[in-house]
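To start, the structure under review is shown below, and the notes come after it.
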Amino acid sequence: MNKAVDIICGSRSCLFLTSAGMSAESGIPTFRDKEGYWRNFPAYKNLNLEAVELANPRSFKTRPAHAWAFYEWRRRNARENKPHEGYSVINSLIDNHFENSFIHTTNTDGFHMISGTSADHVYEIHGSIWRLQCMAGLGCSYTYEENDDVPLCGLDCESMTASNLPVCPKCGGLLRPNVLMFGDFDYVEHAYQYNNFRDFLERAGIPDVTLLIGSSGSVPTNDYLALRLQASGSRIITINPDESSLKVCKPDVFIQTGAKEALAAIADGLGIKYH
């Protein structure tokens with residue numbers, strides 16, 4: 001931990017790479033554990049519907065009631081929970097320590113901005129459950145819009161089917177979450193967030209330090225980005241209780257604990273207030 005604190009203390013720029021393990025401590029399921037997934041959704045087990053099938057635009061065409069139920073459940077779950085104090089630590093580091101910093105997250109729960117992070121500092125590379133887009137993608141003028149309504153549609157938790165599904169106000173077709181799904185060719189990129197991320201890289205260059213937080217390696221988007229940055233000179237600090245998370249990127253410092261505990265310890269070591 002002392003080495004991580006020393007690296008961060010001497011760094012002027014930082015990229016936070018956050019993944020499912022970051023929000024898992026706030027009650028957001030990761031869906032990596034198949035048995036845990038079946039326990040949450042016994043109706044899907046009876047239908048033999050796995051998460052990768054529901055998180056797929058094809059399901060919104062062939063079984064929209066089941067596909068939307070999966071995301072409606074996730075919206076309700078996210079609303080019932082709240083970001084842990086590790087999010088506040090990141091916000092404090094952005095506001096009070098680094099000259100240039102940014103968050104690149106694969107999480108779709110919106111917890112960074114819910115925790116108070118400025119929208120200018122976040123790139124949700126896999127989208128957000130709090131945005132809707134038309135099934136037609138860029139073929140419709142609706143593109144995407146923010147929507148934090150809970151409930152958004154009806155939900156029968158026993159059968160895990162949704163009703164009163166959201167409809168596109170432009171073309172009358174079905175709306176879907178603005179989330180990058182498996183086999184997705186109609187996902188609409190959030191241009192504002194993407195451009196902010198590019199601006200950060202142009203402004204900061206290769207960040208002095210990169211914090212890789214909560215990535216399992218099963219969805220290695222952030223792991224490979226960390227690997228590329230490390231090859232260009234960025235110091236990598238990995239925060240993860242699971243040692244198998246090191247299979248893609250071998251960090252300069254490995255903190256084998258959860259994000260909440262590790263980030264709080266880093267803040268304490270730096271003498272930064274975050275409550």
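Positions of Cβ are set from backbone N, Cα and C atoms, glycine also.
Computed from a predicted structure; not experimentally measured.
Pulled from TrEMBL, these are the features on record:
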- HIS126: active site, proton acceptor (ACT_SITE)
- CYS134, CYS140, CYS168, CYS171: Zn(2+) binding site (BINDING)
- 1-273: domain 'Deacetylase sirtuin-type' (DOMAIN)
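Straight-line distance linking the Cα atoms of CYS168 (Zn(2+) binding site) and the residue listed as 'active site, proton acceptor', rounded to a whole number, equals 21 Å. Each of the binding-site residues CYS134, CYS140, CYS168, CYS171 was assessed for Cβ neighbours inside 10 Å, and the highest tally belongs to CYS134. The Cβ of the residue listed as 'active site, proton acceptor' lies under 8 Å from the Cβ of THR105, THR106, ASN107, THR108, VAL179, LEU180, THR221, each on the same chain and at least six residues away in sequence.
Taking the centroid of the Cβ atoms of CYS134, CYS140, CYS168, CYS171 as the Zn(2+) site, the other same-chain residues with Cβ within 8 Å of it are MET135, ALA136, GLY139, SER141, TYR142, PRO169, LYS170, GLY172, GLY173, LEU175. Taken residue by residue with DSSP, the residue listed as 'active site, proton acceptor' is part of neither helix nor strand, so it is coil.
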